[in-house]
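Handing you this structure, nothing more for now.
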Amino acid sequence: MSQSSAALTFELVGRCSTTRARASILTLPHGQVNLPIFMPVATQASLKGLTPEQLEGTGCRLCLNNTYHLGLKPGQEVLDAVGGAHKFQGWKHNLLTDSGGFQMVSLLKLANVTEEGVRFLSPHDGSPMLLTPEHSMSLQNSIGSDIMMQLDDVLVTTHPDKARMREAMERSVRWLDRCITAHKYPERQNLFCIIQGGLDLEMRRDCCKEMVARDTPGIAIGGLSGGEAKDDFCKVVQTCTEMLPDLKPRYVMGIGYPEDLVVSVALGADMFDCVWPTRTARFGNAITKNGVLNMKREMYAADYGPMEDGCGCQCCRPVEEEGSLGITRAFIHHNAAKETVAAHLLTLHNVWYQLNLMREAREAIIADEFPAFVKKFFAGLYPEQENYPSWAVDALRGVGIDLLET
């Protein structure tokens with residue numbers, strides 16, 4: 001089954017017979033992307049510490065740029081002159097850009113949201129600035145991203161004012177209409193809507209109905225990873241995915257912990273992004289199937305094994321394999337606190353891990369072995385079943401997987 005729009009084709013190639021997990025092929029202007037997928041975040045048009053070639057080598061075919069930061073620097077004039085962000089950063093694969101609104105609200109205390117847009121003070125010189133749906137679209141058109149996000153009115157899910165939450169949800173729908181009108185290049189760039197509504201499931205359902213009616217090429221679930229309980233997070237994802245059309249990609253924004261990814265795939269989501277894998281690398285941490293390892297610990301000083309046995313990343317593969325670096329834990333430990341090379345190598349490893357986790361999930365879905373994959377994943381992270389997080393146990397039980405079943 002497949003569905004196409006002007007700049008996107010979505011083909012469903014496999015379903016889990018137990019859960020709501022799907023495997024699909026997303027074809028965008030800069031090539032094919034296999035879903036489910038984790039998308040690394042290249043905020044300033046670069047993934048910190050990696051060259052475009054190294055990022056490509058991890059298997060990444062869709063990463064993020066940040067509209068807010070690129071709009072400030074290098075600025076729209078430079079992006080127009082160079083021909084967009086793909087050329088600017090030497091990236092020949094697909095790009096997704098956020099709208100810019102999240103940074104205005106989350107990073108800048110002096111931001112004020114009105115129907116017109118988000119008013120804020122420039123972090124550079126304190127001058128008044130305004131981001132409207134129209135300006136967000138103009139910036140993203142200049143960036144040339146393959147997927148661009150609508151400007152939405154973002155509140156943290158734990159916001160106590162229900163009336164303000166409904167106002168934000170309804171405003172996000174109105175702003176989507178303005179984004180659709182302002183979008184100059186629908187034949188080569190895809191505009192995704194964003195479902196809001198906090199933790200109120202009825203509000204989320206209302207927003208889903210409105211957003212689905214606009215028939216954008218893809219649909220995002222926004223406003224999560226804002227400090228809410230994981231149980232509530234799972235309920236929002238499941239409530240939304242149950243209402244979304246089968247033949248469109250579903251993107252849960254801001255999600256990056258491995259457990260969150262696996263559970264969200266089981267609940268029917270396809271796309272995820274987060275800065276965590278790259279940020280935690282800069283703190284000296286390696287993501288592995290048995291959990292996160294702090295490579296600064298003295299126990300790794302004389303450990304001459306790879307960061308993770310059996311890992312297929314360029315760092316961990318045996319040194320005799322072509323293209324392998326054969327990096328040891330001892331080398332990472334030695335450099336973790338004093339040289340940037342350790343952060344670069346950990347970033348390479350962590351990004352590969354996240355992408356490969358989704359590749360393995362996809363293969364399991366296509367083979368209709370996804371429940372077994374999920375059980376093996378959680379067993380690797382938690383040797384004792386009594387340590388399994390209750391939120392994951394409950395969410396997976398709701399879609400037919402009993403993690404505690406012996």
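Glycine is treated like the rest: Cβ placed from N, Cα and C.
Curation does not apply to TrEMBL; its annotations are automatic.
Quantities reported herein were computed from a predicted structural model and do not represent experimental measurements.
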If I go by TrEMBL, the feature region 'RNA binding' sits on one of 114-120, 254-260, 380-386. Which?
254-260
According to TrEMBL, which of these ranges is region 'RNA binding': 138-142, 278-282, 288-292?
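My reading of TrEMBL: the region 'RNA binding' range is 278-282.
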Any idea which of the recorded positions Asp98, Asp152, Asp273 has the thinnest Cβ neighbourhood at 10 Å?
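Looking at the recorded positions Asp98, Asp152, Asp273, the Cβ with the fewest others within 10 Å is that of Asp273.
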Among the binding-site residues listed here, Gln196, Gly223, which has the most company in the form of other Cβ atoms within 10 Å of its Cβ?
Gly223
Among the binding-site residues Gly100, Gly101, whose Cβ has the fewest other Cβ atoms within 10 Å?
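Across Gly100, Gly101, these binding-site residues, the one with fewest Cβ atoms within 10 Å is Gly100.
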Taking only same-chain residues 6+ apart in sequence, whose CB is under 8 Å from that of Ser99 (substrate binding site), what do you get?
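Once residues fewer than 6 apart are set aside, Ser99 (substrate binding site) is near Thr67, Ser136, Gln140, Met148, Met149, Gln150, Leu151, Asp152, Ile194.
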Within the region 'RNA binding' (254-260), how many residues are helix, strand or coil going by DSSP?
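Split by secondary structure, the region 'RNA binding' (254-260) comes out as 3 helix, 0 strand, 4 coil.
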Can you give me the same-chain residues 6 or more apart in sequence from Phe102 (substrate binding site) with a CB-CB distance under 8 Å?
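Set apart from Phe102 (substrate binding site) by at least 6 residues yet with Cβ under 8 Å, we have Tyr68, Val154.
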Mind looking up the mean pLDDT for the domain 'tRNA-guanine(15) transglycosylase-like' (19-380) in the predicted model?
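In the predicted model, the domain 'tRNA-guanine(15) transglycosylase-like' (19-380) has a mean pLDDT of 94.
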